[in-house]
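This report concerns only the one structure given below.
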Amino acid sequence: MTDMTAQMIEEICDRIKTVQISDSIPSLSSTTEETINSEEESVSNRIRQVSPTQGPTLPILQKIICLSDKIQNLKKEHSNLSDQVKTAKDSFLGPPNILDTLQKLGNEYELLRKKYLQELSDRKRLYNEVIELKGNIRVFCRCRPLNQVEITNGSNYVVEFDSSQDNELQIISSDSSKKQFKFDHVFEPEDNQEAVFAQTKPIVASVLDGYNVCIFAYGQTGTGKTFTMEGSPENRGVNYRTLDELFRLSQERSGIMRYALFVSMMEVYNEKIRDLLIESSNQPPKKIKQTAEGTQEVPGLVETRVTGTEDVWDLLKSGSRARSVGSTSANELSSRSHCLLRVTVKGENLINGQKTRSHLWMVDLAGSERVGKIDVEGERLKESQFINKSLSALGDVISALASKTGHIPYRNSKLTHILQSSLGGDCKTLMFVQISPSATDLGETLCSLNFASRVRGIESGPARKQADLSELFKYKQMKKLNHDEKETKKLQDSLQSLQLRLAAREHICRTLQEKIIMMMVRELENQLGEERKTRLKQETRAFAAAASQSTIQVAEKEKNR
């Protein structure tokens, strides 16, 4: 047993030396490695073949057996790792022109990116050109169905629709004559909110493209203006659906554009602007101011960022609760103010860094009706007068735009003043004229349709994309500040030069003054010297004369003696 153990120990020692040599010489052939591996296996087998009948295994032999197993496992792991490294190396160094391929792919990516930007720009341009061909000022007419009271009273339909024409309607006058009106689209009483928004949707995308858009509803009280604009939780209107579409499009474009949406809500009540997102009813009226970019803003107006349609709906409900309503003979819950919902869209192109800032106005105008018809008095009469005044101002603005006069009277009303940048000009405007089909409302229906026809007759110029001028304004301010600093430095240098010249002149003046003073002192001294000499001469003469006189007198006295 001892001899066999000693023999195995010697074989293992020889094997260890062989492994050391193979580690120090990495260029051994695969045949040599296979021979070494076979020898290791034979040694291991011989160690394990020791019969237990030959006596207990020595501790050193047990350790040798364990080490032999570990060596075998390590060799297998080494072999596997070598194969993996070789495979990875072959796959990496396989294509000889991999760097050229990467460079080519980079160039193709840059070319595709430029083409994509160009296609995106062309798509926006063509899309907005299509909208402009349809008209930057579009007018839709929507007729509500007869209500239960009108049906009970037996009111007749005075509105006729042509199923083959979706942009025309006829009004049956009291003398049975018919008057035809033509708009961009006419919605019949059977058309639902989805059909209305389907025609509105194309103009919504223009807001994200950087254009100002204004959507407003006009018509007499009780014709469904608020229903069209706001709707109900079960049947939501243009306001909610428009914002929902804005969120959908902004998410769709999130790979190339980053948008931020802000919502404000206000009302014009008795020619005073109130913030509907402030719960206090005693808030002071807001004022309209013109910004440096030439747009109209309301300082202090609450502007809330929204990230989803639920945020918008909560704001709309809050603002609607704060809006001024009252009862008239035409409508139990008549809107007594103009409600303005403003959505500010700030966009930034993630590829070229271009920024835009545009406004979407959605306006639910108060009911237009004659004061005598709605039978109101007191505060309601005052509200109606202000409503008609602002709507009349809106009509004056529309007429001035239609006739292309030089002066547009935007400032005649708070309503037209705040909407100045969104009426005509370089924005896109959509008007819903709401009418009643009842014969009892024939006069108001004709007034509304005539007004809408005047709006549709306005010829506007091409819409203009609104860039975010805040950065440009900051740049101009910085440029002006730098210019002012340069001018200030020039003035300081000029002042310093003048101060030096003044100091030099003062020095010269002091020197001249000193010289003049010295000359005057010398002249005075000379004059004093001359005067002293003259006085001495005079005194000498006087003394001599007095002496000679006294001598003569003495002589005469001696003679007389």
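Quick reminder: no glycine exception, Cβ is built from N, Cα and C everywhere.
As annotated by TrEMBL, region 'Disordered' applies to 27-51 (among others).
The coiled coil annotation in TrEMBL covers 64-91 (among others).
The domain 'Kinesin motor' annotation in TrEMBL covers 136-458.
If you look up TrEMBL, you'll see GLY219, GLN220, THR221, GLY222, THR223, GLY224, LYS225, THR226 marked as ATP binding site. If you draw a 10 Å sphere around the CB of GLY224 (ATP binding site), it holds 19 other CB atoms from the protein chains shown.
Among the features that TrEMBL reports, coiled coil is placed at 481-541 (among others). As a whole-number mean, the pLDDT of the coiled coil (481-541) in this prediction is 87.
Marked as region 'Disordered' by TrEMBL: 541-561 (among others).
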Cβ packing number for GLN220 (ATP binding site), 10 Å threshold: 23
Binding-site residues: GLY219, GLY222 - member with fewest neighbouring CB atoms within 10 Å: GLY222
